[in-house]
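Trainee: So Swiss-Prot lists the following for this protein:
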type: TRANSIT; residues: 1-26; note: transit peptide
type: MOD_RES; residues: Lys94; note: N6-succinyllysine
type: MOD_RES; residues: Lys94; note: N6-acetyllysine
type: BINDING; residues: 192-194, Lys218, 258-259, 274-279, 296-297, Glu427; note: NAD(+) binding site
type: SITE; residues: Asn195; note: site 'Transition state stabilizer'
type: ACT_SITE; residues: Glu296; note: active site, proton acceptor
type: ACT_SITE; residues: Cys330; note: active site, nucleophile
type: BINDING; residues: Thr331, Gly489, Ala490; note: (S)-2-amino-6-oxohexanoate binding site
type: MOD_RES; residues: Lys462; note: N6-acetyllysine
type: MOD_RES; residues: Lys500; note: N6-acetyllysine
type: MOD_RES; residues: Lys537; note: N6-succinyllysine
Amino acid sequence: MWRVPGLLCVRVARKSKFSGSWNRPAAFMSTLLINQPQYAWLKELGLREENDGVYNGSWGGRGEVITTYCPANNEPIARVRQASMADYEETVEKAREAWSIWADVPAPKRGEVVRQIGDALREKIQVLGSLVSLEMGKILVEGVGEVQEYVDVCDYAVGLSRMIGGPILPSERPGHALIEQWNPVGLVGIITAFNFPVAVYGWNNAIAMICGNACLWKGAPTTSLISVAVTKIIAKVLEDNKLPGAICSLTCGGADIGTAMAKDERVDLLSFTGSTQVGKQVALMVQERFGRSLLELGGNNAIIAFEDADLSLVVPSALFAAVGTAGQRCTTARRLFLHESIHDEVVNRLKKAYAQIRVGNPWDSNVLYGPLHTKQAVSMFLGAVEEAKKEGGTVVYGGKVMDRPGNYVEPTIVTGLDHDASIVHTETFAPILYVFKFKNEDEVFAWNNEVKQGLSSSIFTKDMGRIFRWLGPKGSDCGIVNVNIPTSGAEIGGAFGGEKHTGGGRESGSDAWKQYMRRSTCTINYSKDLPLAQGIKFQ
């Protein structure tokens, strides 16, 4: 049993059938994990010691070979050969050619193909979820849940494929019809982040496909194996339907590939998920060519608990929102505003709840908290904790790196900072929760909105008037506005995205499909006359 500094309660959890030697020192691990017997299941996904990272109907790759690592022990899993610029050019051309075939397939038939993709993902849900846990570092239930989210989006997209379209509008001219025609944009570039390497691609891919688009995916380099495994599943479905594999192309790579996608006029829409800093650069490059971008960037999300809040909801909600995925969700709660009358009680309850968090091997079924994704993330965590102290904050729980292999840090609670402290207004992708006291509604609504990001927000109250003020024009300015639930855990039926420096894009449900299509207003004259609009006479 390894020891953890501080107050964290560590428990031995049951191992899943996929469990490996997560805590063995690196000196004992002389080979890639994929070559060790306990990780033989990786080959069920078609993975090998070295994997091609380019797919455009056939597999290849002439770029740099990178190694991906397990965040739970920092040991190498397998290698991926990334795309060269020549690979990128070839893939874009093949994707454009594939689009010309896919666009002619009726939308309900496209939905049938997406349904088959969902079914194929269902068949691999446990093993693919285990890969997400292994390469990203999130706990197994979240890894499997992420694959389930892609499956759910496929189900949603199947129904949507029979519903997309525009209205017939009343024309002011006799013998005329006025309609909206929606067509696919063409090629959709999808750049995803490490934290949701399956689900975010699924949000974009399933909806873009039923709209009639081809897709070009560049995942995060640190989760390249996941990108390869998912693409292999999709490629088999396309092959079985005698469709070009380049409809769902893949170019694993780094900033050079991402920059090429942003600047490429052949990429009709670029969906980018990542940091606000990089997202701004992407937006400028796309805008320079008058292209379309769909941005899902940072979040500095807040939970507000009023004096009438049900604390039996507040405490577990704050715990899950702040600690889930080790604080690496876009919707992670980073700020907790507590009415002054309940502040001390909630903080004490939270500290007790944090002490019960089960930390360990992400594959163990009872574990709730895994590692950060990289060593760099650990450094960022430590830097943020030190900065919070310098700015007047008090670490009342956590704040340290855990004494064990891997990228484990203690989930952390900080009190005593000003609501507008510099570190509070800086998104740190780590499990740090800043807690504040407030006096009244106007004050705390303003504090919620004063940060540059506008992704997710939540209040806890029983006051119906306050709830509707929160939802109204002077309430939360976020894209996700919740009541009596956490900031994280969005459902696929709603449009996902945020305002301000979060980017303004919307993915997944509701009418987010419109971002993957272009709209034409069409006037059809079926009469023998030629009346002009607005009653103009031109004779």
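Even glycines carry a Cβ here, placed using N, Cα and C.
Quick one: how deep are these features, and who are their neighbours?
Mentor: Long-range Cβ neighbours of Lys94 (N6-succinyllysine) (same chain, at least 6 residues apart, Cβ-Cβ under 8 Å): Asn56, Gly57, Pro244, Ala246, Ser249. Annotation note: Lys94 (N6-succinyllysine) sits in a helical segment as assigned by DSSP.
In sequence order, Thr276, Gly298, Gly299, Asn300, Arg334, Gln453 make up the list of same-chain residues 6 or more apart from Glu427 (NAD(+) binding site) whose Cβ falls under 8 Å from its Cβ. DSSP assigns Glu427 (NAD(+) binding site) to coil in the three-state reduction, outside any helix or strand.
In the three-state DSSP reading, Asn195 (site 'Transition state stabilizer') counts as coil.
For Glu296 (NAD(+) binding site), the count of additional Cβ atoms within 10 Å of its Cβ stands at 28 [all protein chains shown].
The Cβ of Cys330 (active site, nucleophile) lies under 8 Å from the Cβ of Asn195, Phe196, Thr273, Glu296, Gly298, Gly299, Leu455, Ser456, each of which sits 6+ residues away along the same chain. In three-state terms derived from DSSP, Cys330 (active site, nucleophile) belongs to neither a helical nor a strand segment and is classed as coil.
Classification of Ala490 ((S)-2-amino-6-oxohexanoate binding site) by DSSP places it in coil, neither helical nor stranded. Sequence-distant contacts of Ala490 ((S)-2-amino-6-oxohexanoate binding site), defined as residues of its own chain at least six apart whose C-beta falls under 8 angstroms from its C-beta, comprise Thr331, Ser456, Ile480, Phe496, Ser508.
DSSP assigns Lys462 (N6-acetyllysine) to coil in the three-state reduction, outside any helix or strand.
Using a 10 Å Cβ-Cβ cutoff, Lys500 (N6-acetyllysine) registers 19 neighbours.
For Lys537 (N6-succinyllysine), other Cβ atoms within 10 Å of its Cβ number 6.
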Trainee: Work out how many Å separate Val278 (NAD(+) binding site) and Lys500 (N6-acetyllysine) at their Cα atoms, rounded off.
Mentor: 15
Trainee: Are there any residues at least 6 positions away along the chain from Phe194 (NAD(+) binding site) with a Cβ closer than 8 Å to its Cβ? List them or say none.
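Mentor: The list for Phe194 (NAD(+) binding site) reads Met136, Ala220, Thr222, Thr223, His373, given in order along the sequence.
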Trainee: Minimum Cβ neighbour count within 10 Å among the binding-site residues Thr276, Thr331: which residue?
Mentor: Thr276
Trainee: Roughly how many Å separate the Cα of Gly489 ((S)-2-amino-6-oxohexanoate binding site) from that of Lys500 (N6-acetyllysine), to the nearest whole number?
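Mentor: About 21 Å separates the two Cα atoms.
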Trainee: Within a 10 Å radius around the Cβ, which one of these recorded positions has the most neighbouring Cβ atoms: Thr192, Asn195?
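Mentor: For the recorded positions Thr192, Asn195, the Cβ with the most other Cβ atoms within 10 Å is Thr192.
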Trainee: At the level of the C-alpha atoms, what whole-angstrom distance separates Lys537 (N6-succinyllysine) and Gly274 (NAD(+) binding site)?
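Mentor: Taking the Cα atoms only, Lys537 (N6-succinyllysine) lies 54 Å from Gly274 (NAD(+) binding site).
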Trainee: Can you count the other CB atoms that lie within 10 A of the CB of Lys462 (N6-acetyllysine)?
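Mentor: A count of 11.
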